[in-house]
Each structure stands twice: as structure tokens, then as C-alpha cells.
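Please read the structure below before turning to the comments.
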Amino acid sequence: MTIVTNLSFPRIGARRELKRALESHWRGETDATQLQHTARELRARHWQLQRDTGVDLPPSNDFSLYDHVLDTAFLFDAIPQRYRALADADPLAGYFAMARGRQADGIDLHALEMTKWFDTNYHYLVPELHRDQHFALRGNKPIAEFEEALALGITTRPVLLGPVSFLLLSKTVDGSNRLDLLERLLPVYTQLLRQLQASGAEWVQIDEPTLVLDLDAQTQQAFRKAYAALNQGPRPKLLLTSYFGPLGDNLELALQLPADGLHIDLVRGTEQLDAVLNTLPAGRVLSAGLVNGRNIWRTALDNALTLARYAQGRIGKDHVWLAPSCSLLHVPVDLEQEKNLDADVRNWLAFAKQKLSELRVLADALDNKPEAETALTQTRQALEARRQSPKVHRPEVAQRLAALTPDTTQRNTAYPQRSQAQQQTLNLPAYPTTTIGSFPQTLEVREARAQFKSGKLSESDYETFLKAETERCIRTQEEIGLDVLVHGEFERNDMVEYFGEQLDGFIFTKLGWVQSYGSRCVKPPIIYGDVVRPAPMTVTWSAYAQSLTDKPMKGMLTGPVTMLQWSFVRDDQERAQTCRQIALALRDEVQDLEKAGIKVIQIDEPAIREGLPLRRGEWADYLNWAVESFRIASSNVRDTTQIHTHMCYSEFNDIIEAVAALDADVISIETSRSRMELLDAFVKFRYPNAIGPGVYDIHSPRVPQEEEMVLLLKKARAVLPPEQLWVNPDCGLKTRGWKETRAALQTMVHAAQRLRAE
């Protein structure tokens, strides 16, 4: 019999039950007992769903109240000193303080740093370690959840983040080498594995996703040392698990490690199958990741079946398990909830539950069960319908793409000439001031949008409300003395969804939520077909806003790469091609904004860096088409029209050439928290265009002092010519309150005025 297994199931619940339970607890409305009750209910439901769907060996310890990397740090007592007293007195409060920070009862703790989980849209909390770090088992979460499932009659495979990946995903606060801590960490892992075996666990899944990265010799040696140590003494069987790409030059290393099974991603790394089968040690299980755990399209089951049959033919049926390519954390729970989705598009999709069903079909087909043929036929029909659908393929888009030339991506003249033309048109002072785009979305704004969407507020009344909010925002900016204004974006819910709702080729689910971090869930758009802009998207609001003021008004757009990165993207063509389609739609919007009298247009690209492939050797190709897409969107304007972009990264050194190649007239970046250190990359590179280094952190309600901003600007002025500098906050102001926004912007304008006066 062919075994079906799973690496991890979404935690949040089909209707975001975990989100609601967490936020209720954080508001003090429910206690820890009630929160844990909801967590147990979700785990039980998810284990049962997996068994009912045909999963032979579901995972346990894949559930988390916030983040699995934080769980690992907490489990091994890697708790920074500032949280220690709270964690000892109240473990759950300490855990959430590490995740979210805490300001209560005289305690003021900031949270751990958060960053992207590899190249996904999930965020993990970065453990803080130090040279003298001590590790010890704290609690028994993996064992407790294994036994919890066992009490329900379900045998699971506990999931652990592996020791080397745990250290590589952490940071040291004292500059010491993370891998030097491996020797102290390994005895704790060994102890945990021994306890899991004593509890009855036959298999443990040990995730080492860093095996798909570029690894130096020291890191490769750390893997050998770690797994030699874990192989000493009693332990369950280990399934060494890689995902998010092929093992590549780490394949030999992975096969040298003493594990009993190996999971490989055959969606992103189909080409590695032969190499794995040629060198897999005899008797070792191969877990074949055949179903895409990161996207929402039905699997081409015939193709997957061919790979699975080939693998079974090479190493035997008993040694090939079927699995998703990676955790199902990255997809929504259940397509069956989407009752109102376009029927054709719905038939092309598979969410977490459906992906497990696909694996069961594959297993049944491999076991020659006749019922599999019906499902295989349905899949073939769905895939063929998608291939032939006029909803997917628009001839006019193909024609536009074919007509692209190098000139399509070029401005009329170089930046020095353009900047002179723009200054003559805009007549801006030195150190011009602006904001990044959004202004506070108050409770009134959110309630009005909700009432409009539910039909309780008419379109005309909603428009009247939005116009009033927009005018109030503009008058406030004029009173503060900002030089280039924005309209506030009160009509927008989300910087991708707002545009996606107005573009053909995008579709939105009602309950297609995935976890971004903690209780924050996002509902990514689905790009199912060729992207076309049927009508202008932002021109009406930008033109209205410009009519209210004599100062320049920025048109605000989300860039093509960001729209791509934050969506579920069609898998029937290259991502680069889809990105160019979005860029062409934005190109039309940019042209219409210019025709409507908008002289400054900002195209935000916060996601260019996070789209970088995991292997550095693949960066150049990605950056080439990412830059090309931005330039397709932004290059069809007169010299007098000023193109801005905004980026919020913690590192620019390794992509600075690509950032310069965008050829935006002005780039605003997030620099206040690094005290302008991020500017070093621009200085070393001699970045030629204008830069707006953020002078205050919008993620905090704190209003900085004028002197702080002046010092930051002087620091910037010391390394960049004054004529290159703009003055702006770090990011958009959507999540802030009006009181602190007004005060902070007023202070920012005063700081700019002081520098002008010098």
C-alpha cells in the first residue's frame, strides 16, 4: 500500500478561529484555559480531517499559537534575559511578549525581530542568541501533542525544526558565530528525541529547509556533526525534510546524514529526482513532494503519477511516500467554503484539504484501485478546460507583449536632464517634504467601507464620505507645510487588493485566508489569467485630490513585482511574463494619470527584494525581469513627470545595482531604525538619483523630537549631496492615529526648514 503523508497543516482554522481566539485573549476577554481549549479543538479537527482525507501519517507539533520558530526557541529555553522573569512567572505571557512585546504592569518589552520565512509570505520570529547561550528543555509541547493525537486514536509524526536550520535562522546579539552553539544545543535535541521515542513515536520529521540554500564548508560540516550526534543512542526514525527548492550541490551532504528517510520538493526541484534515486542509500524512505504546498492550483496528476511510478519502480513501493512539496501553511484550508467563486476558476483550484485528497488519488492509482480513475479523469478535464479557456488567454495581451522593445523601458532622457525639467515644473524647495502615501485609516473609515460593502451605505453616500476625508487630509498637509501631497488612500482596503479588484485576470476568495504571522491573516488575490486594465483605476481620486490644492499631488500605485509577490500566481506561464502583463496595465494607468495633470507618480515596490530566489546564482535573471517590469510601467512619461518609488528593506548592498537600474527619479527608503546606516550602500555605489531616507519610524506611536530628525538629516547630508535629499517618514501612515501623525509630520517639516535655513 502506498503511504500518504503530510508535512504540516494550516493552523488558523477554516474560518480563522485561531485568530479570533488569540485576539480575544490579548484583549483580556478570555483566559489561557479558554485559548488552549480552542487550540485543542483545532488540532483535533485538523488531525481528523487529514485522516478522513486519506492521510496515513499526519504531522503533530505543527500547530503553533504564534510561530513554530518561536515555539522552538521557547522549547529549548532560548529566552532572552529581558523576557526571563515574565516567562518564568507566566510562560504564556512570556511567549506572547517575545512575539508581540508587552507594555503593562510596569513592564516595557519590545518584541523579537520578525522576518520572511525563506521566499514565502509567512513571517517568523528571529531567536536571539549569545555567546554564552544555555539550552534546556522547557515544557513538553511535541510530546504532549503527540500523546493528544494518540488519545484520539491517531498516530502522528512529530515535526521538529532541525538544529542547524534553527541556528541559521537565529541571530546572535553579540556578533558571535551561531554555529558555535551547536555543541550545546545537540544534547537537548537528543534528549527530546529519546523522550519522543519513549512516548511511542516511530517517526520524527526533522525540518532542515536551509539545505536548499547556498551553504559554505563550515555549515556543511555543522550538518555532519549535528546528525552524527543525533544518531547516538535511542531515537525514533528520522525523516530529514527539505523544501522550497532542489537540494542541488547539497544533495550529497543530505544523503550522507544518518536519517531513515528524506523528503524532497519535486515541484520546485523536479529535476533532482534521478540524482536522488541514483544515490539514495538502500532501505531509506523517499518522501516525494509531488503536490504544490505553496500555490492553489490543481495538480497535474498524470505528471505526478509518472514521477511516483518511476520512483517506486526504482526503489520499491514501500520506500516511496507521497506528500505535499512543503508545509500547507501557505495555502487556504478548504475550497469547499468558496460558494460564490467563478465556477470555472474554482474548478481549477485546490486548497489544503483538496491537496491531501489529490495525494490520496495518486496513492489509489499507484495501488491500482479503480475508483482513482474517476478523479484522474475529472482532473484531466479541469486542466484541459483551463488550457482552452478564453478567461485565461487574451490575444490582445499576447500582442502587446510581443511588441515590447528596449525603447519601451527607457525614459526620454537621463536623470540629470529630467531632474532639471522637473524642478522647473514643480518648483520645490531644498529638502522637499512628502509622505509615503497612506494616512490614518480610522475606525470611521473602516466602518464606512464595511457598510458600503454590505449594502448599508449607498455608493453616493460612501463617495461623499471619502471626498470629505480626502479634503480633510489635504488641508491638514497644507497646514503642516508639506511640499508634495498625497490624497490619503481612504478608498483603498489593501495595496494589492484595491488594484486586483479592478484588473481582469485577478479573482478574490471570500475565505481564502493564510497566516502571515501570529493572528495576522491575509487573503491573497489569485492571478488566473492574462492581466488587462479595463478602465482607469486611480485617476478619478488623484484628479479630484489635485483639484483641491495648488501643490503637487502624488498619484499612488502598487508596482508590478509587489502585486505578483503578494498574490497566488498562475502556474501555466513564467512569473516574469505575468509580471510584464501587470506592468503593461500599470503603464496605461501611469499615462492616464499624467494626462489628468498628475505631475508626480509613485510606484511602490516593497517586495522586489523578497522575491529574490533562494540561490544567489538565480538572482541576476530575476532582477533583470523585475527591473524591466518596473521600467515598462514607469517609462512612458514626459521628462517633467517625476517618478517615485518606495522600498522598505533592511539590506540594500546586494541589490543596489538593480535599485539604481529602476531609474526612478526619487526613491524613499526605510532608514530611521538603522540610524541612516542603510544609506551606506547608496553612498558606496554613488547612487545618482534622489533619495528620501525615512527620518522617523511609523511603526511606533512615538513622536520623535525635532533634534532627532535634524541629526538624521545631517547624517544623510554628510554622505550625499543636499540636492539629492528628500525628507519623509519611513513608510505609510495607515496604521497610525491622526494626533501622532499630525505632530510627527509637523516636526518633520520644521526639521527640513532648519536645514534649508543653514
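Don't overthink the numbers, they just go from 1 along the chain as shown.
Cβ from N, Cα, C; glycine included.
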| note | Listed alongside HIS646, CYS648, CYS731 for Zn(2+) in Swiss-Prot, from GLU628, GLU670, GLU707, GLU708, is GLU670
| Say Swiss-Prot lists ILE436, GLY437, SER438, ASP604 as binding L-homocysteine: which of GLU479, GLU489, GLU651 is in the same site, per that record? | GLU489
| remark: Among GLU469, GLU471, GLU610, GLU618, Swiss-Prot assigns to the 5-methyltetrahydropteroyltri-L-glutamate site of ARG16, GLU17, LEU18, LYS19, LYS116, ARG520, CYS521, TRP566 just GLU610
| request: Starting from the Cβ centroid of ILE436, GLY437, SER438, GLU489, ASP604, which together make up the recorded L-homocysteine site, report each further residue of the same chain whose Cβ lies within 8 Å of that point, ordered by sequence. | output: THR435, VAL486, MET495, MET556, GLN602, HIS646, GLY732, LYS734
| request: Express the distance between the Cα positions of LYS116 (5-methyltetrahydropteroyltri-L-glutamate binding site) and CYS648 (Zn(2+) binding site) as a whole number of Å. | output: 13
| said: Just to verify a number: CA distance, ILE436 (L-homocysteine binding site) to HIS699 (active site, proton donor), in angstrom, no decimals. | reply: 13
| Cα-proximity to SER438 (L-homocysteine binding site), 10 Å cut-off, over binding-site residues LEU18, GLU610, HIS646, CYS648, CYS731 | CYS731
| message | Measuring Cα to Cα, how far is HIS699 (active site, proton donor) from ASP604 (L-homocysteine binding site) in Å? | response | 18
| Looking only at DSSP and grouping its letters into three states, which state does ARG16 (5-methyltetrahydropteroyltri-L-glutamate binding site) belong to? | coil
| request: Please list residues from the chain of HIS646 (Zn(2+) binding site) whose Cβ is under 8 angstroms from its Cβ, counting only those at least six apart in sequence. | output: ILE436, GLY437, GLN602, ASP604, GLU605, PRO606, ILE667, SER668, ILE669, CYS731
| All-chain count of other Cβ atoms within 10 Å of GLY437 (L-homocysteine binding site) | 24
